Amino acid sequence: MRHPVLKMEGISKEFPGVKALSDVSFELYPGEVHALMGENGAGKSTLMKILSGVYSPTQGTIRLKGKEVTFGNPLDAQRQGVSIIHQEFNLFSNLTAAENIFIDRPEMVGRFRRIQWSKMYDEAQRLVDSIGGGEIDVRQEVRHLGVHSQQVIEIAKALSFQADVLIMDEPSAALPENEVKKMFDVVNRLRAQGVAIVYVSHRMKEIFEIADKVTVLRDGAKIDTRGIEEVTEQSLIQMMVGKEVGQLYPVREQKHDQEVVLKAEQLSLDSAHNVSFELRKGEILGLFGVPGSGTHTIAERLFGLRRGTGEIIIHGTAVKINSPSQAKAKKIAYVPPDRHRQGIIKPMSIRQNLSIPMLPQLSKYTVLDEARIKEMSKEYMEKLRIKAPSDGQSVDFLSGGNQQKVVIGKWLAANPDILILEEPTRGVDVGAKAEIYNIIHQLAQEGLSILLISSEMPEVIGLSDRILVLYKGTIVHEFAHGEADQEQLLQRASHPLSEGGCL
Amino acid sequence: MKKLALTLLTGVLALNLAACGSTSGNQTDNGGKPNQGASGSRTYFMNPKSIGPAYWAAAEKGAKKAAADLKVEVLFNAPTEADSSKQINMIQDMLTRKVSGIGVSPNDAKAVGPVFKKAKGQGVNIVTWDSDAPDTERQYYVAPATDQEVGELLAKTIGEEIGGKGQVAFMVAGLGSQNQIAKSDAAKAYFAANYPDIEVVTTVASDDDQQKAYANAQNLLQTYPDLKGIIGFAGGEPPAAAEVVEQAVKAGTLEKNQVAITGIAVPSVVKNYIKNGTIKTDIIWDPGKLAYVTVYIMDQLAQGKEIKDGMEIPNIGTVKVDGQSVFIGTLEVTNENVDSFDF
Amino acid sequence: MKRLLNVHEAPIIIFTILVTLLFSILSPDFLQFENIRLILDQNISMFIVAIGMTMVILLGGMDLSVGSVLAVTATSVGLFLSNGIHPWIAAAMGICIGVLCGMVNGYFIAIRKIPDIIVTLATMYIFRGIAVGISGGTWMTNFPEGFRFFGQGYVLGISFPLLIAVILIAIFIYLMKFTRSGRRIYSIGGNGPAAKLAGISVARTKFKVYVLSGLLVGIASVIFAAKVGSVQASTAGSSLAFEVMAAVLIGGGSIFGGVGTIAGTMLGVLFMGIVKNGLIISKVSPFWVSAATGFLIILAIVINTLQRIRQNKGKEGDLV
Amino acid sequence: MSAWASRFPLKGNKLIVQMLLLLVIIVLFSFLSPYFLTVTNFMNVLNQMVEVGLIAIPMTMIIISGAMDLSVGSILAFSAVCMGVAYERGIDIWISMIIGLLAGLLCGAVNGYLIARHRMQAIVVTIGMLVMLRGLVYVINQGRPISGFPDAFYFMGQQYIGFIPVNAIFLVVMFLLASFVMKKTRFSTYVYGIGNNEEVVRYSGISVVRIRFILFMLSGLFSALAGIFLVSRLASAEATSGTNIELDVITATLIGGTHIFGGRGSLSGTFVGLLIIVFLRNGLNLLGVSVLYQAVILGALLLLAVGNKKFNGE
C-alpha cells in the first residue's frame, strides 16, 4: 500500500469578499503525474499558491509525507520539498545557469564564506545532465539559452532542493511543439525517480499523453479526481465548463479562385530562407513550424519590425515595408504573440487601447476627435463582445480573453486587408477561445485575409484553409483544407529527414 | 488621508524650522518679524556672489558687526552657487521686501543692470562691493582696489619673486567669471609691459571645486617642468597650488622654492603655507572690513548723508573715495604679519 | 583572441588604450611613470566612491547624493580636527557619519520604498545644506600633520591612500564575486521578483548596499580632505555623482541594473582620469578641456552600445 | 469628474496634496511676511520662474515617456551664447534669436539621435552632453559674457503688459498650449503609451523612434527658448547660466506628481510643483532665511511630498 507524499484536506481560502477555494482535498502519490485542470478562475492558481507557500489557507491542513506542515513562504516550501515552476520563469538572465540553480544557497558557501564556484558548476552540470539537459553548458548566462533550456534550468533548480513534489504551471506554454517532447522526457525521468508532479495545463492532448490522474476544479471546488483512462476530452471539458460545449471550431466553407492579396517572394532574413507564398482574399492561411523555424520572423518581416531581402507584393504591386507604420499604411495588421508585452498598455483604458493604431485617422490636425473615438470603441466592444462595464475601464482589469479581443479589435478598427495573427489564444480559457475562433472565422468570411501563426496544432488545423509548414526557415509542405492531422503536421514541421537525428 | 495630513504637517514643520533658522541666523532680526516698527529701523540686504567660501563668511562677520554698530538690520544671503540668475532672483525678492539699501557683489556686471534700474525706480540704493557693475544704476562701488590694480600687484609680486623671467601659470575659479578675467588680463598686460621674459603658459579653472583645483595644480607641475610661478586669482587656488607644491617638495620631485606662488587668499586658509615659506606673499584685503564699509555707505546714503574722500568711518578708519568708487586698500600677507589677521 | 574580445570590458579596454596612445603621441610627458602615478593619485577618491556606485547601479538604482555625503563627512572631519580630536579618531568618526548618511538613504529607499532617484535627489539637497550649515561657511583647513598621512602618507614605499583603494577594490571584487551578499546584488538587479522568491530580502540587501556606499564615500572623503588639504563645504564633490555614474556606465554597467563589474568601473574611472589629465598634459586650450571630456564620454558610451548590439545580433528568439 | 479624467486614468486628479501644500505655503508666508501677499511679489515670482518653467514642459513629457534629459542647463547656455555671438557678429537680433533656437534644436537632435535611434541610455547620453556642451560654450566664447542687446529684445524678459510680466504670459500660454497637446492630441497618447509600454506603441504601427526624437528636440527647443528669455531678462548671455537648472526642473516635475519611471504625470501637476518651489524660495528669501536651510527644506519636501505617496509599489 503506497502512502501519499502529499495530502491536502479541506482546504479553503477566503479573500475579502471572495471565497476562492472551498473544502478542496487533494492527494498526490510518489511517481505520479497528476494533472490539475479547470477554467481560468476555477481556483487552480490559488490552490497552487497555497501548495507552494505563497498563500496560507484559511482552513484545512497540508500533510507532507504524513507530517502536518505549514509553509511560511515559497522558499520554506522549497526547503521542505515542494517546488513550483511558474509559467513565467523566475530566472536571472544576467547570471549563469549554474548560479540560477543554486542562487543564495548556503551549501555552496565554503570556508571564509567563499562561494565555491567549481563545486557549483559541477553539481549544476550533474543535475542538468540527470534530467537530460546534457547539451546545456551551465557556465553560460541564462540570457543566451533557449526557452527549453531555461525550463530545464528551472526544473534543475527545483530538484536541487530534493523536491518530492514538483508543480509545473503550464510548462508547455512557452515551448515549441518539438521541445514539448523533450520536456515530457524530463517529466518521465522525474516520474521514474519517484517525484510527484502536479501538472497544470490547458492543453488536453498533453494531459492524455503525460498524466496518470486528473483533478478538475470549478468555481473553487473540486469536481472530481479520476484516472486518465477513465476520462475523454469531451468529458473533461464538460467537467470543467459544467455544461456541454459545442463545436470549438467553426465549419469553414471553401471558396476558390479568390484574388491574391499578398504575395511574398523569396523573403530571407536570419532563420528564414527564400520563403514565398500567396495569401488570398478571405482566406485563413495557417503558418506552422516549431519556434526557430522562421514563422515568427516572417510575421515580423511582413509587419516591418525587421528588414530583410525579398519582395512583398500587395494587390499586385511590390511595396517596401521597413517599419510597422509602413505596414499599417499598406493595410497590414499584426496581433503579436505576447499580449502583455506587445499587445496592451495596461493602465490605459479599453478605449485608448482600441484607438491607438487608428489615432491619425481619428484626429484632426492631431487633435483627437473624442466623439468618433467613443463611437469606434463602442462599435468594436459590441462587435467583439468585450465584456467590461465601460470602455473607460483600464484593460488591466480584463480577463485574458477580453484583453486578447482588445488587441484584435484595435487592429480591426484600422480596417486592414491583411491580418497576421500570432498565438491568438495564448493564455485564454476554453470559453473565450471558441469566441475568438468564431471572430476569426467571421472576419475571413467578410473578406479579410488572415495569416495564422500558432504553436497550437489543433487551432491551426481547425481554422486554416491551407497550412504551410516551415522547417528551418523554408517551406517544406503545404496542406490543403482538411488534409492535415496533428501527427502529420508535427512530422512535417520536424522534417522527416531529421528523424532519429538530433531531435 | 493620514498620509496627506502627515505631509502637510511636515511641510508646516519645515517652514517653522525655516523661521527659526532665520532668527538664529540674524542677530539683529527683531524676533522674526522683520517689518516691526519700520520707521525706526533700517534694513539692508548684503548679497555676496555665493554662500560657502570662507571669504564670504568673513565678509558676513563684518556686515553683522556693522549692523550692530549702526543699529540697523542686515540680511546676508546668496545662492549656494555663483549663478547670476539665482542671485538676481534673490535681489528681486528683497526689493519686494522694501529694504533701504542693497549691497551686491555681482556675478555678472551686465546682468544686474535691469534689476538695479528697477531698484532705483523704487528708491532703493544700490552699492556694489568686491565686484563692480559699471554702467548700471549702482551708486557706489566699494573695493580694496580696482581689479586692474590687484592684477598688476599680483603680477608684480610674482615677477619680483622669480626674477623677472620664466614660465608662469594662472589658476582661476571660473573661465567665465568677469572679475577673474579682468584681474588675469591686467596681470598679463603687466607682464607684457614690465617683464617681457615672463611667459604665461596657460590658465586653468577649478569651477570653485577644491579637488579640481588640486588636480589642476598637479597637472601643471607635470606638464610644465620649467614652471617658475603660479598665480591664484581666487580664494581656493593658492592653497591648492601650495598644497601640491609642498607635497612635491616632500616627495622630492620638486626643489623647494622652485615654484613661487602668490594669489588672493584669506590668511587663515594659507597660514601654514606662508609659515612654511611655500607662499611668500599673499594679497588680501579684509573682507569683513569691505562688508562693513559697504553697510556703512548704504546707511549714509539712506540717511541722505554725503560720501567724501578721506571720510572717517568709525571702527575702520579713513577710506579713499574716487568718484563713485570707495577703496579700502589691499594687504600683503607675509610670514611676518600672518598671525595678526583674525580672518 | 576571440575569447578576449568577448570579455565584457573589451571595448573600454581597447578604447582606453587608444586614448592613451593618442595622448602619448601628443605629449611625451604623458606615458611617464610619474604621470601615471599622478593619474592614480588624483582619482583615488573617485575609485573608492565608484565601488559603492557600482553596487547601487547593479541594483538598478542610482545615488545622486554621494557628492553631498562627501561634503558632510569631510566637513565634519575638519570640525573634529579643529576641535583637537586625534586624527585617527576623527577619521573614524567621519567614516561613521558617512555610514549614517548611507543609512538615511537606505531607510527611505529600502524600508519606505521610495524610488532611489527621488530619495538621493532630496538627500543631495539636505546633506549639502547640513554640510555648509555645520561648517559655518568657513573652510576646513590647516589640518594637523598626523591627518595628512591619510592623503599623503607612505607605507612600505607605497602611497597610503592608493594602498587603501587597492585593498578596498580587492575586497569588493571578492565580495561581489565570491560571497552570497555580492551575488544577491546581481540577482536583485537581474530580476527582483525572482530574487524575492528565492528568499532574498530585497530590502535588506538594498539597505546594506546604501550603507556600504555611505561607508565608502566616508573613506573617500577622509582621503579627499587629507589630500587636498582644505574643504569647502558648499562645493566639495559637487560634480562627483554624475562623474562617478558616467564612470560606472563607461565601464560597462547598465543603468537598468544587473550588469557591470567593479573591475569595469575601475577602468571607467581610469579612463576619465586619463582623459582629464591627458588633455591638460597635451596642452589643449583650457576652453576645450571640458568639451573634449564630454565628447570622449559620449564616444565611450557609443562604443559600449556597439558591443551590445554586436553581442545581441543573431540571437533571435531569446527571452531577453 | 470631467470626461478627461475618465479618458486618462493615468493623470488622475491626485493634485490635492500639491494644491493643499501650495495653499499652506501661501497662507503661511502671508502671515510671516507682510510683503509676500502682494501683486508685485507675485508678478516677481512669475517673472523668475519662466526659465525653469519653460524647460519643465518638455521635461515632464520626457519623464512621462520614461526617459530623462540632464543636458537642459547646458543647452540653455549653449543657445544663449550662440545667440549672443551671432548678435556680436552684427547679425540682426531676431535672426540671432532664431540661430539660438536652432542651436538648441540641434543639441536636442543629437540627444534624440543617440537615444531614440540608437537606443542608448538617456541618462548617460545627456550627462555626456551636459559636460560637452558646457565645454563648447567656453570654446565659442572664451567664457566672456555678452551683453549690449537692443532694447526691443529686452521686451521679452523685462517688460510688463498691464502689471503682468511679458515672459510670464508667454510661459502660461506655453503651458496651456502644452497642456492642450498633452490632453487632447494623439501625441499625448503616444507619450503616455511609450512611458507605460513602449513595445505596444511600436507594435501598433507608430514610430517610437520619431516620438522620442520629437521629445528630445522639444527639450532642446524649449531649453533654447529658456536661454533666450534668460538673456532678455538679465541682459547678458553668460557661459555659466543654467548650471544645475536640471535639478530644479526635475524637482518641480516630481513634486508635481509625475512618476519618475514614466507612464504617469501631468503638466498641470508640474505647474503646481513649480509654484510650490518658487513660492517656497521667494517666501524664505523674504524672511531672510539662509539658502542653506532652503536646500534642506526643499529636500525634505521632496522626500515627504513625493515619497509619501509610495508611487511604486514593490
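Glycine residues also receive a Cβ, built from the backbone N, Cα and C atoms like all the rest.
TrEMBL has this to say about the protein:
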| type | residues | note |
| --- | --- | --- |
| TRANSMEM | D:15-36 | transmembrane segment |
| TRANSMEM | D:42-63 | transmembrane segment |
| TRANSMEM | D:93-115 | transmembrane segment |
| TRANSMEM | D:122-140 | transmembrane segment |
| TRANSMEM | D:160-182 | transmembrane segment |
| TRANSMEM | D:213-235 | transmembrane segment |
| TRANSMEM | D:255-279 | transmembrane segment |
| TRANSMEM | D:286-306 | transmembrane segment |
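Of the candidate ranges D:213-235, D:255-279, D:286-306, D:255-279 has the most C-beta pairs within less than 8 angstroms of the transmembrane segment (D:160-182). Only residues 6 or more beyond the boundaries of the transmembrane segment (D:122-140), in the same chain, are considered here, and those with a CB under 8 A from a CB of the stretch are 62, 67-71, 73-75, 77-78, 81-82, 85, 107, 110-111, 114-115, 239, 243, 246. With pairs at least 6 apart in sequence, the transmembrane segment (D:255-279) and the transmembrane segment (D:42-63) have 3 or more Cβ pairs within the 8 Å limit; the two touch. It is D:93-115 that, among the stretches D:15-36, D:93-115, D:255-279, D:286-306, forms the most Cβ pairs under 8 Å with the transmembrane segment (D:213-235). Long-range contacts of the transmembrane segment (D:93-115) within its own chain (CB-CB distance under 8 A, at least 6 residues past either end) are made by residues 67, 69, 71, 74-76, 78-80, 82-84, 86-87, 121-122, 125-126, 129, 133, 149-150, 152-153, 212-225, 227-228.
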